[in-house]
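As structure tokens, the structure follows; a few thoughts come after it.
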Amino acid sequence: MQSSLSFSSSYAATTFPLSSPTLPPSNLRLCALPRHSLSTAVSAALSDNGNPPKSFDYDLLIIGAGVGGHGAALHAVEKGLKTAIVEGDVVGGTCVNRGCVPSKALLAVSGRMRELRDDRHLKSLGLQVSAAGYDRQAVADHANNLALKIRGNLTNSMKALGVDILSGFGTILGPQKVKVGSSNNVVTAKDIIIATGSIPFVPRGIEVDGKTVITSGHALKLESVPDWIAIVGSGYIGLEFSDVYTALGSEVTFIEALDQLMPGFDPEISKLAQRVLINPRNIDYHTGVFASKITPARDGKPVMVELIDAKTKEQKDTLEVDAALIATGRAPFTQGLGLENIDVVTQRGFVPVDERMRVFDANGNLVPHLYCIGDANGKMMLAHAASAQGISVVEQVTGRDHVLNHLSIPAACFTHPEISMVGLTEPQAREKAEKEGFEVSVAKTSFKANTKALAENEGEGLAKLIYRPDNGEILGVHIFGLHAADLIHEASNAIALGTRIQDIKFAVHAHPTLSEVLDELFKSAKVKAQASDPVKEPVAV
């Protein structure tokens, strides 16, 4: 298992260096570093930049006001630190403005459309609905308005707590010194966190015009709903957009480099998800192929997608489609940060860090008082992982050692139904077991046995538990079904807290609720170890 969690696997690796000649569109900018900083070498503004300052403007300075930077800033204030955050674009970063937030607005629409157009499902509930339609611009406005609202919420929450928001891209000049913007405004801080995030990766040979060949950032604007769209990559981003486009009437063709769709998911979950999310819908796919060249529509010609065999590189096919969405993962946005001023060399664009998010220099030594969180370090490219890493760093700089358990961080794909996961897949768990010499068991439960799911007529779903039968350790949980993204947190919290199956079996779940899917899952596990003694005496009521 790679240390970074896959958003797409159509190009085998999920994240890529920025050495590709294909630069991101000019309107795609990320936390604290506008695009023009990629080609601007910022030199030191002071003659003593190699020496740390004797006094500081702030206790903590965060470069990048995305979800990770925001989470770190709020926790820092709670801990009593004088905190500033540097932002060169808009507060919220990729997630809020060009990622997980507006995409959920579009997915909310796609979910409603599926419900309203599913005559069989509606009739089974005794409902009759006339033909459903949608207003494309109104749908796009819903996504944009949600992003604006959440951006405002994040900005106001930091201002209310006294976090200084410094406008301008941040460049590290030397130890504990950051230049903000194009002027000679140099800010000092005892500790610095890099939280600059990532941008969509566009492979060589693909020409993005922002209209007919687009990235996820363009797609979220929903400027059009093409009749036929090719989606390059069948990871999280590609799957979610296939859900949106097919619900709005598009035909979708997946292009996947590996031999199966959704290769980043547990294989059993992938198989079921393909049967429900792909096969019945207006979707076809090509696996084991690269999109070697994509040319935008122009002069009355459609978008041309040239496919080659992923292994032999032989020409396979050419597709003529109305649009193409590039969902091939994300690249760290770290150029122009001034890392050379502190002798830090990125690895495939990622800032090298240890398990405490402390940054390494080119010689493998830790750079004092410098940390990197989120997509920029590549450990786990999820917004909530960035926030958790930021909180962990704040714990450290305020005197409490803390190491984040990344295997306890959940992930979700917000299709209809949803997919969620935490921990290891079954193949990963069995590989680990073989190396370390322990046994692995698997328990499963179906949504068809859940009263609430049946009441909703949404019995299609599966929950899977991978565990150690000798001691009850939870190795991984994978869910496909109604509200899977909400259900996964009981499992992720159990892993984070070290709760064993023999203990969580005694947890009580309200009836009838979907949470009983997890209740039945844990109770079906066969663990040899006995339950632990209760932490507290029961309270009489």
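Cβ from N, Cα, C; glycine included.
The structure displayed is predicted, hence computed values, not measured ones.
Listed in sequence order, Thr451 are the same-chain residues six or more apart from His511 (active site, proton acceptor) with CB atoms under 8 A from its CB. Feature annotation from TrEMBL assigns active site, proton acceptor to His511.
Taken from TrEMBL, the feature FAD binding site applies to Lys104, Gly170, Thr196, Gly197, Ser198, Asp375, Met381, Leu382, Ala383, His384. Listed in sequence order, the residues of the same chain lying 6 or more apart from Lys104 (FAD binding site) and placing their CB within less than 8 Å of its CB are Leu146, Phe414.
Residue environment of Ile237 (NAD(+) binding site) contains 27 other Cβ atoms, counted within 10 Å of its Cβ in all protein chains. Marked as NAD(+) binding site by TrEMBL: Gly233, Ser234, Gly235, Tyr236, Ile237, Gly238, Leu239, Glu240, Glu256, Gly329.
The annotation disulfide bond is assigned in TrEMBL to Cys95-Cys100.
Per TrEMBL, the feature domain 'FAD/NAD(P)-binding' maps to 58-390.
The domain 'Pyridine nucleotide-disulphide oxidoreductase dimerisation' annotation in TrEMBL covers 409-520.
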| remark: Here the 10 Å Cβ neighbour count for Met381 (FAD binding site) comes out at 26
| remark: Fewest C-beta neighbours within 10 angstroms among the binding-site residues Gly233, Gly235 belongs to Gly235
| said: Counting across all protein chains present, how many other Cβ atoms fall within 10 Å of the Cβ of Leu239 (NAD(+) binding site)? | reply: 25
| query | Can you name the residues of this chain that are 6 or more positions from Cys100 (disulfide bond) yet have a C-beta less than 8 Å from its C-beta? | reply | Ala383
| message | To the nearest Å, how far is the Cα of Ile237 (NAD(+) binding site) from the Cα of Ser198 (FAD binding site)? | response | 14
